[in-house]
Amino acid sequence: MTAGGRWRRLGARLLRYWRRLERAHELLLVSRWRQGLRKEARRRDDTLRTLLLLESLGVDNPVAYETLDVVPYLVADFHAWHRRMGRDEFGDAGVCC
Amino acid sequence: MPAVVMVLIVGVLFYLGYRYYSGYLARRVYALDDDRPTPAHTMRDGVDFIPTNKHVLFGHHFTSVAGAAPIVGPAIAVFWGWGPALIWVVAGTIFAAGVHDFGAIVVSVRHKAQSIGTLTREVVGTRARVLFLLIIFFLLTLVNAVFAVVIGNLFVANPEAVLPIVLEIPLAIGIGQYIYRTRSAALIPSLVGVVVLYATILLGQALPISLAGFAAEDGLFTERNIWVVLLFAYTFLASRIPVWVLLQPRDYINSHQLFIALGVIGLGVLVGWDTIVAPMVNDRTPADSPSWFPLLFVTIACGAVSGFHSLVSSGTTSKQLDKESHARYVGYFGAVGEGALALGSILACTAGIVATTADWHAAYSDFATASDGAASNFVNGVAHFAGNLGVPQATAAVFAAVVVISFAATTMDTGVRLQRYIVQEIAEIVRIRAISRNLTVAGLVAVLIPLVLALLPGGGDAGYTFGVLWQLFGTTNQLTAGLALAVIAVWVTKNRRNPIAVLVPLVFLVVVTTWALVDNLVRFVAESEWVLAPLDAIIFVLAVWLIVEAVLALRRARGVSGDADEPEPTELTGR
């Protein structure tokens, strides 16, 4: 084997080790931090959903004008949410299912 | 004795504890069953509930429970000699902390991964929920007070560490934003971040920041106390920033620092082959020193057994457990990891800190000196171990100070944030709307009470020793552990299994904690400590309340037959 081939093989092997190290670091330390980000994102989504649901709960929605605009974008998301909460159908015809 | 020998002996004992005692717990006490699906599977949502590889989950659990507390407690307790501290760390880890952390995960997993607060209400009773809230309130108050004092002392002793700690804030925000905005691997940016953080140590050495020019020599306006006020002002503001912007990225950097510090201690001990110069039992303590019994058992809480771990075990770990059998490795071995950190602290303060026994006695001349200088002694010990690896001693001291302050500051950030919620919840129960509905007022209450406590140690005529405040913190931590052990014992009893392995640490903790509280109360009244005496009396009432609730719940549990575990999740609810 030529010297160039040996170096290439060594480089490839080092790269494999590095990728393995990156993967371990990602799982051990970064995934926990990304999980925190996902939690925060979900908390904000839930707040938005609560705002959207205020009127259906009989509570005046102070931001009704703004939330009305985003309702169409959240129908699919809303459907996934009420299924996650244990209800196969939301019950209010015409909302999502 | 060479420090390496102590490491080997403790290592063997921890191994035996893990190999045999945790095996007994898994089979006979907690009856783990891998055929029973865990909440990570039945309630999987990709956010909280995710089945996770056991080694990865161990890493998450360990970095969540390890911090500055298992460092400071043993650093104070070696005042009585390394023997009592070491025995309590080893026995506490094997027979109390392991049982507690492991059990908290299992009970939570068998109850839809509910937190220990909710489990307290469900398993012990509704009144116990209020008790839990009150214990946590005092725990967080004391956590915030003691860590403010620890950081203040370290800033005074190591002015070179101030700049790196200040610069860590924008650095953490920067790394956080990188991970938030990209999906690529974070290893290189994280390594760069840690290297930059340690590079700022050199900057800190060139530009030390001291407030001595603005401070008085003694009284209330000492340099330490000015730092304490600034720290609480910072935590008040930081608690209003979303967790993902600052707190979580700082925690992320800290998890790297934890492994680096453990590596430095381990390698430094191995390479340096230092000898333990401290006495096994310190027979030169002044006559007015507090007795090691029962105060040793509340001075070292984290590192021997810590109730805080039950909050992590039931709050996050139980939601990610892939199989029940993994609880043994994650929970029990996590406790062993914390015990190893406490061992590192004992070694730093008995082998690393000074070269001769006479010098050690000078550093630990009385309890006040020992407790005030505990964190600095650890810092100097780790600096010596890092020196064994070729790092210049002065730079190594700043490195160790940065590590301890980073841990303590993150704990304070979290503590003030949690305390704000607890204040709101208690205000809701007693119907004080001005506090329960106003985040700013609740935040001010959460900051002002520990601020007053933190300003008093050594702060003039009304001042007291920091070690006493630390013991009260340890007491509330042990009570939290007692409550979690009571929940575990009731669950084990309801399931018709022998709860003796849980009852022994529960009874031991309750007895030594109550004893320490009475011991301290008598002293506070005799010395007219009118801040600490009422605080101690209130915590004593909580301890008695805990005993009553635990006895009543256990008596009720003995009358219950059959499997008391939660029913299997149903398809209808998906829970």
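Even glycines carry a Cβ here, placed using N, Cα and C.
Nobody curates TrEMBL annotations by hand; they come from automatic prediction.
These features come from TrEMBL:
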- B:3-350: domain 'CstA N-terminal' (DOMAIN)
- B:6-26: transmembrane segment (TRANSMEM)
- B:62-80: transmembrane segment (TRANSMEM)
- B:86-109: transmembrane segment (TRANSMEM)
- B:130-155: transmembrane segment (TRANSMEM)
- B:161-180: transmembrane segment (TRANSMEM)
- B:187-206: transmembrane segment (TRANSMEM)
- B:259-280: transmembrane segment (TRANSMEM)
- B:292-312: transmembrane segment (TRANSMEM)
- B:368-516: domain 'CstA N-terminal' (DOMAIN)
- B:396-418: transmembrane segment (TRANSMEM)
- B:468-493: transmembrane segment (TRANSMEM)
- B:500-518: transmembrane segment (TRANSMEM)
- B:530-548: transmembrane segment (TRANSMEM)
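Away from its own ends, the transmembrane segment (B:86-109) comes close to residues 6, 10, 13-14, 17-18, 21-22, 25-26, 29-30, 32, 38-39, 65, 74, 77, 115-116, 119, 123, 296-297, 300, 303-307, 309-310, 313-314, 317-318, 321, 324, 327-328, 330-332, 334-336, 338-339, 342-343, 346, 481, 484-485, 487-488, 491-492, 501-502, 504-505, 508-509 of its chain (Cβ-Cβ under 8 Å, at least six residues beyond either end). Outside the transmembrane segment (B:161-180) by six or more residues, the chain places 154-155, 186, 189-190, 193, 196-198, 200-201, 203-204, 207-209, 244-246, 248-250, 252-253, 398, 401-402, 405-406, 409 with a CB less than 8 A from a CB of the stretch. Non-local neighbours of the transmembrane segment (B:187-206) in the same chain are 160-164, 167-168, 171, 174-175, 178-179, 252-253, 256-257, 260, 394-395, 398-399, 402; each lies 6+ residues outside the stretch with a CB under 8 Å from one of its CB atoms. Across the residues of the domain 'CstA N-terminal' (B:368-516), the predicted structure has a mean pLDDT of 91. Pairs of Cβ atoms less than 8 Å apart link the transmembrane segment (B:292-312) most often to B:500-518, out of B:130-155, B:259-280, B:396-418, B:500-518.
Between the transmembrane segment (B:396-418) and the listed ranges B:62-80, B:130-155, B:500-518, the one holding the most Cβ pairs under 8 Å is B:130-155.
A contact links the transmembrane segment (B:62-80) to the transmembrane segment (B:130-155), because at least 3 Cβ pairs that are 6 or more residues apart lie under 8 A. The helix, strand and coil residue counts that DSSP assigns across the domain 'CstA N-terminal' (B:368-516) are 124 helix, 0 strand, 25 coil. When Cβ-Cβ distances below 8 Å are used as the criterion, the transmembrane segment (B:259-280) is approached by residues 1-4, 6-7, 78, 81-83, 194, 340-341, 344, 347-352, 354-357, 359-360, 364, 382, 384-389, 400, 403 of the same chain, each at least six residues removed from its ends.
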